[in-house]
Amino acid sequence: MLMSLLFMEMVTSLLSMVGLSIKGLNKVLPVGSMGSSAGGRVPRTGYHLVDPSPWPIMVSAGVMNEAASFISFVHHGHYTLINFICATWLLLSSFYSWMMDIITEATYLGCHTSLVARGLKIGFSLFLISEAFFFVGFFWAWFHSGIGNLSSGCMWPPRPIIPVYPWGAPLFNTAVLLASGAAVTWAHRAVAIHDREEAMLPLGLCVLAGVVFLRFQLGEYRAASFSIADSVYGSCFYMLTGLHGSHVLGGTLFLAAMWIRNYFCHFIRPNRHMGVVFAVWYWHFVDVIWLIVFVWAYVWPYKNWVGDKLL
């Protein structure tokens, strides 16, 4: 008993030295929290202090190495394929582990309170804004080159490039994405009212629409009469459409993950479907960007080429 009292006195002295008291410690660590399965990760103030994680820096390293591999490929560098495969494996494995941690925190640990959800919405909105400005840079180069050519009396696209016919595969892809936008809104409504069975169909249709879009995009690339090396037109065209295609691939994987989570009943509790909300936002963002790409990267050059100028 005496030893216990001496031990408590020592602990109290140490805590007072660092500015904490036993009363303050009880506020930070409530009774039973040390032995909880959450390991102290369940928020007690409405906020979530995330644990240190290696995944953000590893995802960043994967993205950087993929960009470096693409630059090496364009300049006919060595070991490009090996670098790209390693970078892709690093990116996908790290991103998968990161998302699994977030799903665990949101679904099983209850870390995503209403305050955390509000912060996540703000963060994802800023992410979409940053992605929009990413596209602005490539559109800037596109319009700078196109309007510059036209104003100097040249053609856009420059001869002898034949632009992609917009009323074939591009128009079909536009219809596919618009239909998938309606389907993803249907899925969001079903998840919001906790109708798991109803949400399965529209989520699956959205994933299918993404796969169909990418399939027709690749077919269009194979049939095109120009490559990324054919003047600034080819470079800007493939960067714009390829960047959008990479976002469609990301959105398709995002929606596929939501389909799997919905299958395993992750969204049956109230206010536990932030993943679906973000997937819907992202897919609508992809839809809007494609409409701009379709008008200005497909219709505008084709109209100039046939003599019916749009701008």
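Using N, Cα and C of the backbone, Cβ positions are placed for all residues, glycine too.
Feature list (source: TrEMBL):
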SIGNAL    1-16  signal peptide
DOMAIN    43-302  domain 'Heme-copper oxidase subunit III family profile'
TRANSMEM  81-99  transmembrane segment
TRANSMEM  122-143  transmembrane segment
TRANSMEM  164-187  transmembrane segment
TRANSMEM  199-216  transmembrane segment
TRANSMEM  237-260  transmembrane segment
TRANSMEM  280-300  transmembrane segment
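The stretch in 81-99, 199-216, 280-300 that contributes the largest number of Cβ pairs under 8 Å to the transmembrane segment (122-143) is 280-300.
Beyond its flanks by at least six residues, the transmembrane segment (280-300) meets 124-125, 128, 131-132, 135, 139, 142-143, 146, 163-164, 166, 170-171, 173-174, 177-178, 180-181, 184-185, 187-188, 206, 237, 240-241, 244, 247-248, 250-251, 254-255, 310-311 of its own chain at Cβ-Cβ distances under 8 Å. Within the model, the domain 'Heme-copper oxidase subunit III family profile' (43-302) carries an average pLDDT of 91.
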